[in-house]
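According to Swiss-Prot, the protein carries these features:
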- Thr145, Gly166, Asp188, Asn230: S-adenosyl-L-methionine binding site (BINDING)
Amino acid sequence: MPWIQLKLNTTGNQAESLGDVLVESGAVSVTFQDTHDNPVFEPLPGETRLWGDTDVIGLYDAETDMADVVAMLECHPQIGKGFIHKIEQLEDKDWEREWMDNFHPMRFGERLWICPSWRDVPDPTAVNVMLDPGLAFGTGTHPTTALCLQWLDSLDLNGKTLIDFGCGSGILAIAALKLGAARAIGIDIDPQAIQASRDNAQRNGVSERLELYLAKDQPAELSADVVVANILAGPLRELALLISVLPTTGGHLGLSGVLATQAAGVAQAYEDKFILDPVAEKEEWCRITGIKK
């Protein structure tokens, strides 16, 4: 069925309360979008962060009398008469099919493919990780995930142990296992990430070789031949002492979730314990790798 979209602009501080007003006016869903198309980086646990200049978008049934909606909004103290807004009719589409059509198998390095379950595998002889895109966790589309997957593909992981620190969907740990790692350990602060990793590991037939822990429950004295942490620059700096002890001597470290402009600050936190490689960049993001001294 077709829909009607109402868009209005506000500040990040007022966006959520304005979204509630749109729901009260009959919107069946409300979304927030940056007016200037800037990214919002991952918030701290329990924190909701929006842009300073935010578009609030309400979706209404096509039968809705939008004149009545506008009149109601004009009477609301947070909005008032003459508020600037845009109303448009949305084309009726099979949104689920259109969404699925946007995702295709992706190749990382020489051997590794990430494939949605509804697509044919391009190369049955390659290393294929079956992973469907979701809302919260990595699927290879983000440059930082791509950088980490390319790095894992370049390593000899046969018989090795890997720690995925901040595992999210489990994509990096699962890819490592399918690339030959004997064992992988996924750690995350989010219980939903642990469940997503568990489900994805089962779908890929590697669940028996993947151990998963909430960060607060991770065993003491963990170590691995390879450690990858695709999180954010701030946590990578703050947790440098914890992460640095995880690789064995001569082991590999891979860090991402870092903007190219943040690379020097993150590298500085690890350079005492690692021989660092040149920074790899993709778009505005980068990857820092090295060998444990």
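Glycine residues also receive a Cβ, built from the backbone N, Cα and C atoms like all the rest.
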Key: Number of Cβ atoms other than its own within 10 Å, given for Asn230 (S-adenosyl-L-methionine binding site)   = 25
Query = Just counting, how many other CB atoms are there within 10 A of the CB of Asp188 (S-adenosyl-L-methionine binding site)?
reply = 25
Inquiry  = In the three-state scheme derived from DSSP, which category covers Thr145 (S-adenosyl-L-methionine binding site)?
reply    = helix
C-beta crowding around Thr145 (S-adenosyl-L-methionine binding site), within 10 angstroms = 26
Message = For the S-adenosyl-L-methionine binding site, please report the maximum Cα-Cα distance among Thr145, Gly166, Asp188, Asn230 in Å.
response = 16
Ask   = Does Gly166 (S-adenosyl-L-methionine binding site) have same-chain partners at least 6 apart in sequence with Cβ under 8 Å from its own Cβ, and which are they?
value = Ile187, Asp188, Ile189, Ala229, Asn230, Ile231, Pro235, Gly257
